[in-house]
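Asks: Shown below is the structure under consideration.
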Amino acid sequence: MHRIIRLYRLFNILSLDIVAGAVISAMFFAKLLGVAILSYGLMALGLTVWIIYTADHLRDAKAIGKQAASERHRFHQKHFMVLFVLMVVALAADTIIIFFIRKQVFMWGLFLAALVAVYLLGQRYLKFLKEIFIAVLYTAGVLLPSLSVTKLSITSVHMVLIMQFGLTALTNLLMFSWFDSDTDTADKLSSFVTVLGRRFTAYCIWTLLVVNFALGVVLCLTSGCSGPVFIFWAMNAVLLLIFIFRHKLVPYYRLTGDAVFLIPGIYLL
């Protein structure tokens, strides 16, 4: 069991669980919007997510200038060149794959790529907006393969479900910011919590959890309790439990926190 946990921890440090969550979430929305995503689209999404997260971690690891306080950044410092080469290879593969995806996805992808470039170049200036920006980019990336080609009319139900997903992503990121506040402060990295404080961040997390649950209740009362509503309730219930029992889950909060984006896979069964 200990070996499995160590393996998954490495999986998490390399952001591969985030990649898996993004791909599964994209398939979730594809089913919701009646779209069959091409395998090329899923590969491009997975590679792009990994490239962005790895570039972000490598940038932070280099900027720290000393041995990092967090395990993730220490790993990226130790294996900087290997990860950098792998990132370049992934970027080359991604560049080739995007020529095989649908035209609509490609065009919207260019716009999203521009936003990603803005984020990577201006990250140091975002301060407390960093988590919000990442949540928006993550949600947009997950939606892109299906929303850009769907033949369905986007209803208010779809919009609320998309909003719930985005709020879940933001809640997840703010929780990580809250947990990482000590190491981020030690490494002089800016985040939502280091700028606005732990108390205010905790208040925001609780507010987001309540709003997300309330949106699900509204959908149940107006359109019926569909599968996606229960999926988002389950995701936020896991985040709620992590936050309530945070003192007991400190070593494993990232392992369980990022795993919530695997829950939409239940809807695909």
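Cβ coordinates are placed from backbone N, Cα and C, and glycine is handled just like the others.
These came from TrEMBL, pasted as-is:
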| type | residues | note |
| --- | --- | --- |
| TRANSMEM | 7-29 | transmembrane segment |
| TRANSMEM | 35-53 | transmembrane segment |
| TRANSMEM | 80-99 | transmembrane segment |
| TRANSMEM | 105-121 | transmembrane segment |
| TRANSMEM | 128-147 | transmembrane segment |
| TRANSMEM | 159-179 | transmembrane segment |
| TRANSMEM | 200-221 | transmembrane segment |
| TRANSMEM | 227-245 | transmembrane segment |
Asks: For the transmembrane segment (128-147) against the transmembrane segment (35-53), do we get 3 or more Cβ-Cβ pairs below 8 Å once near-sequence pairs (under 6 apart) are dropped?
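Replies: Yes, these stretches are in contact.
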Asks: Given the transmembrane segment (80-99), which of the listed stretches 35-53, 105-121, 227-245 has the most Cβ pairs that are under 8 Å apart from it?
Replies: 35-53
Asks: Counting Cβ pairs under 8 Å to the transmembrane segment (200-221), which of 7-29, 105-121, 159-179 comes out on top?
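Replies: So the stretch in question is 159-179.
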